[in-house]
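These notes concern the structure reproduced below.
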Amino acid sequence: MDTADPPLAVDIDGTLSRADRSIDGRVLDVLRGWDGPVVVATGKALPYAVALCQFAGIDERVIAENGGVAYVGDELLHFGDSRAVEQVAAAFEDAGHDIGWGDADLTNRWRETELAVSREQPLDVLSALAADHGLHVVDTGFAYHVKPESMSKGNALPAVAARLGVTAGDFVAVGDSANDVELFEAVGESYAVGNADDHAKGAAETVLSETHGDGFLAAVDRIRS
C-alpha cells in the first residue's frame, strides 16, 4: 500500500482526549486527513469506536474491547468469549460488590468479550475471582478490564492489518495505557503520550512530553517529519 502516511493504530481515552476525557476536536481533522489506514484501537465497546470513526469522517476500522472485537471491511471479528467473564461478574456481585456503573451500565451494555469494572471497586477481590476463572485484570486508568490474558489490541491487529493489505509491523501506534503494551510490541513504531502510565512508557519506542491530545498531535508531527 503506497500512501503518504503509514498505517496508524490509535487509542481513544487519554490519547485523543483531553484530561476530562472529552475528545480534543483538533484530532478529528488529523484523522480525517491521514493518508493511510487508520485503526481506532480501544478498550471501549465497539459502538463507541465506530461512532468516533463516523464523526471523524473516516472508514470504520476498529479494534475494541482491548482486542476482543474488531471491525474492518464490513467484517466483524471476535477474539474472545464472554462466558467466563459473565461468571466473574456474577461472582463479584455475589461477594457483595457492584460493577460500579449504575443500573443502565452503559459501560458494559454493548460489550461482548470482556467486563469493565469501576476503579472504585476492590481490585484484589476482582483479580482473585478473575484468576479463578482463568482471566486477568488490566487497569487502564479508566476502568478495570477483566479479560483473557491472550486477548489484546496487539494480538488482534495482524488480522485487521491483513484485511487492509498490510502487516502489523507497518503500523505506527499511539497510546497511553497498559492495554497498549501489546499493541506497541506488535507495530513498527510506537509513541506513548506524556500522561501515559509506566507500562505504556516502558513499551513505547518514543515517550512524548506532551500529554493527551497534544501528545497525539506531537506524535503526528514526528511521524511526518
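From the backbone N, Cα and C atoms, a Cβ is placed for every residue, glycine too.
Features as listed in Swiss-Prot:
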type     : residues             : note
BINDING  : D11, D13, D176, D180 : Mg(2+) binding site
ACT_SITE : D11                  : active site, nucleophile
BINDING  : K153                 : substrate binding site
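Sequence features, as recorded in Swiss-Prot, placed on the structure.
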| residue | record | contacts (Cβ under 8 Å, 6+ apart) |
| --- | --- | --- |
| D11 | Mg(2+) binding site | A41, T42, V174, G175, D176, S177, N179, D180, L183 |
| D13 | Mg(2+) binding site | R21, T42, G43, K44, T140, G141, F142, D176, S177 |
| K153 | substrate binding site | A9, A41, T42, I63, N66, G67, N179, D180, E182, L183, A186 |
Between D176, D180, which of the binding-site residues has its C-beta surrounded by the fewest other C-beta atoms within 10 Å? D176
Suppose the Mg(2+) site is D11, D13, D176, D180. Which further residues of the same chain have a Cβ inside 8 angstroms of that site's Cβ centroid? I12, G14, T15, T42, G43, T140, V174, G175, S177, N179, V193, A196, A200
Name the secondary structure element type, per DSSP in three states, that contains D11 (Mg(2+) binding site). coil
